[in-house]
Amino acid sequence: MSSFDYLKTAIKQQGCTLQQVADASGMTKGYLSQLLNAKIKSPSAQKLEALHRFLGLEFPRRQKNIGVVFGKFYPLHTGHIYLIQRACSQVDELHIIMGYDDTRDRGLFEDSAMSQQPTVSDRLRWLLQTFKYQKNIRIHAFNEEGMEPYPHGWDVWSNGIKAFMAEKGIQPSWIYTSEEADAPQYLEHLGIETVLVDPERTFMNISGAQIRENPFRYWEYIPTEVKPFFVRTVAILGGESSGKSTLVNKLANIFNTTSAWEYGRDYVFSHLGGDEMALQYSDYDKIALGHAQYIDFAVKYANKVAFIDTDFVTTQAFCKKYEGREHPFVQALIDEYRFDLVILLENNTPWVADGLRSLGSSVDRKAFQNLLVEMLKENNIEFVHVKEADYDGRFLRCVELVKEMMGEQG
């Protein structure tokens, strides 16, 4: 017998033809015939519900299996991802509830080796981006402000989380965690069974505390969507023919990472026919925007550190030099893009004419160098002045500066 024989009986009792039933239920007659004879392995729930509704029958709904994962995700790491992937393959719907507390989170940052503090939006974005193709995963943010940390805050926290889940309509069948000590607490305070995933950390031996303490040491455990947050940026500045581009390339090679080339040179070739004589004030915002995109790309794919050929202060300095005024859009990017290490190269290497340079005299080079220093100070940008005149000495000095910035983490 077919599991849908009761539908055949209902159709006969109502005296309807298959075509009439199919039309009313939003399906073809052929699909309905195969459905009634159990020829379709995974019938559409929507079509089945429409068919039951037309025949006046109650649609037999299967109880969903709901899972929930709690965490700070500060930061998200591959151990979290393993837990979540295991959980979401065992349930129909998985809810990830990210807890945040401004005071606690600030303390975690201050006790860490992280160069910047992740915001709540940063942490949500990591989760949303990482699991965006898995439609049975839902992401939530839960404010834990004022709740004592474990193990003292279970009563207050559990009351808060129960109210939160009730508001969101979340009725978990199971809680998934890797923390063995939390399982009895979840059962006692929430009345929900816990499924432990890799509690011994045999597959993913990592914790958020380890990454906060030394991100670069545990780089392999930081997910693709999270790595750009931890990337350190090094901007190499200097006047024309100061060796910036060559040095950036050499540094990226030696640190096995990415670099952002000077977009202004590409812009001159692609928009001005390779000659700066047509450059005007309205070009500087486009140059700055293009350079920002180069930087973002380099940071996204970097291996711990990204090297930047020329910063926005330099772009602004050229605008001021040639146009007699600063550009507000370029200034906005100066304010937005703050690099971890800014190296200003002394303009004391041989000047090389390449068709895109016009400040070749010693007087012009010195004046532009002074302008760069002045504007860096005006924008409260700390920098290291590298004065070595020979290329090898300059290279070695910059390598040491980068290693110093990376610290023991490098």
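The backbone N, Cα and C atoms fix where each Cβ goes, glycine too.
Range 18-37 is the one annotated as DNA-binding region, of 18-37, 38-57, 318-337 (source: Swiss-Prot).
With a threshold of 8 Å between CB atoms, the same-chain residues lying at least 6 positions outside the DNA-binding region (18-37) that come near it are 2, 4, 7-8, 11, 43-44, 46-48, 50-51, 54-55. Of all residue pairs in the NAD(+) 2-binding list (SER259, ALA260, TRP261, TYR294, ILE295, ASP296, PHE297), the one with the greatest Cα separation is 12 Å apart.
The two recorded residues, GLY146 (NAD(+) 1 binding site) and ALA260 (NAD(+) 2 binding site), show a Cα separation of 44 Å. Sequence-distant neighbours of TRP261 (NAD(+) 2 binding site) (same chain, 6+ residues apart, CB-CB distance under 8 A): SER245, VAL248, TYR294, ASP309.
A separation of roughly 35 Å, to the nearest angstrom, links the Cα atoms of PHE70 (NAD(+) 1 binding site) and ILE295 (NAD(+) 2 binding site). Put simply, of the binding-site residues HIS77, TRP154, ASN205, the one whose Cα is nearest the Cα of SER259 (NAD(+) 2 binding site) is HIS77.
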